Amino acid sequence: MAAENSSFVTQFILAGLTDQPGVQIPLFFLFLGFYVVTVVGNLGLITLIRLNSHLHTPMYFFLYNLSFIDFCYSSVITPKMLMSFVLKKNSISYAGCMTQLFFFLFFVVSESFILSAMAYDRYVAICNPLLYMVTMSPQVCFLLLLGVYGMGFAGAMAHTACMMGVTFCANNLVNHYMCDILPLLECACTSTYVNELVVFVVVGIDIGVPTVTIFISYALILSSIFHIDSTEGRSKAFSTCSSHIIAVSLFFGSGAFMYLKPFSLLAMNQGKVSSLFYTTVVPMLNPLIYSLRNKDVKVALKKILNKNAFS
């Protein structure tokens, strides 16, 4: 067996989002549309930032990486989910399942920390504007990004290593559209106490630390904004931060609802719907939120469109 050292199961069957035949094809086209918008939006924003020298600032450096992360983890999940709508039996090998789990967790944890890095960047820009380029130097930005991906790797390794130590017997039906922690633990035939403990500790850190960082950053930002005399300056500061607050609320709200509930009380079907927000909706909305509410991005896009129109 391919995985006999840790499991009696060599493949899993993904139950998918729903088992109702009448909605499978409509859902396929709906989520295919979501995925196309996600890919076009995030790759478009990445291209726009690379092509426009005015966007080569710390703020857009982090936004560039946010779009990269959104594109990657959406691509880890969505293609397999789409297959569940058109195949009678959507199977995935044990190795494929563990690989999907690792990369999904890597990108999701990285997203939580890139959002906190973006909040810190906005704090420095608004509260210490004169020292902004010194504080957020290329070296500092690189170290922050290294920390973001380092935490992503650590979180993914912790969960995946623990999952590979779990024994799976006859039950290989995963009540989900992807290989995620809690649905996989439902298939285990041995104690999952250690895994559940790791979920609460590691997920608590991966959600708690960024959330605290973001709350502190925005508390200081709001305090600073209220001391701005001009209405125009105050409005500009609020506009700069509002898009980030919306993205943060969607991502952390749905993630906390999925993972920080007692395992025994978790309704998995409810969890599947909740997980759609951070696996499908958030990656699709992020480029729209940051583009439609960002004057610099809209100006840069108009310049490129005008340049192409007259070339």
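Note that the numbers count up from 1, one per residue, in the order the chain is shown.
Cβ coordinates are placed from backbone N, Cα and C, and glycine is handled just like the others.
For reference, Swiss-Prot has these:
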type: TOPO_DOM; residues: 1-25; note: topological domain 'Extracellular'
type: CARBOHYD; residues: Asn5; note: N-linked glycosylation site
type: TRANSMEM; residues: 26-46; note: transmembrane segment
type: TOPO_DOM; residues: 47-54; note: topological domain 'Cytoplasmic'
type: TRANSMEM; residues: 55-75; note: transmembrane segment
type: TOPO_DOM; residues: 76-99; note: topological domain 'Extracellular'
type: DISULFID; residues: Cys97-Cys189; note: disulfide bond
type: TRANSMEM; residues: 100-120; note: transmembrane segment
type: TOPO_DOM; residues: 121-139; note: topological domain 'Cytoplasmic'
type: TRANSMEM; residues: 140-160; note: transmembrane segment
type: TOPO_DOM; residues: 161-197; note: topological domain 'Extracellular'
type: TRANSMEM; residues: 198-217; note: transmembrane segment
type: TOPO_DOM; residues: 218-237; note: topological domain 'Cytoplasmic'
type: TRANSMEM; residues: 238-258; note: transmembrane segment
type: TOPO_DOM; residues: 259-271; note: topological domain 'Extracellular'
type: TRANSMEM; residues: 272-292; note: transmembrane segment
type: TOPO_DOM; residues: 293-311; note: topological domain 'Cytoplasmic'
Residues from the same chain, set at least six apart from the ends of the transmembrane segment (26-46), whose C-beta lies under 8 A from its own: 17-18, 63-64, 67-68, 70-71, 74-75, 78-79, 81-82, 85-86, 280-281, 283-284, 286-288, 290-291, 297
For Cys97 (disulfide bond): intrachain residues, at least 6 apart, with Cβ closer than 8 Å: Gln11, Phe12, Val174, Cys179, Leu184
The transmembrane segment (55-75) and the transmembrane segment (198-217) contact flag, 3+ Cβ pairs under 8 angstroms: no
Listed in sequence order, residues with CB under 8 A of Cys189 (disulfide bond) and six or more positions away: Thr167, Phe168, Cys169, Ala170, Asn171
Distal contacts, the topological domain 'Extracellular' (76-99) - CB-CB under 8 A, six or more residues away: 2-3, 7, 9-17, 24-25, 27-28, 31-32, 34-35, 38, 107, 160, 163-164, 174, 177-179, 184, 279-280
Close approaches to the topological domain 'Cytoplasmic' (121-139) from elsewhere in its chain (Cβ under 8 angstroms; 6 or more beyond its ends): 58-59, 62, 217-218, 220-221, 224-225, 237, 240-241, 244
Within the topological domain 'Cytoplasmic' (121-139), residues counted as helix, strand or coil by DSSP: 16 helix, 0 strand, 3 coil
Same-chain residue ranges lying at least 6 outside the topological domain 'Cytoplasmic' (47-54) that approach it to Cβ under 8 Å: 60, 63-64, 67, 296-297, 300-301, 303-304
Mean per-residue pLDDT computed across the topological domain 'Cytoplasmic' (47-54): 89
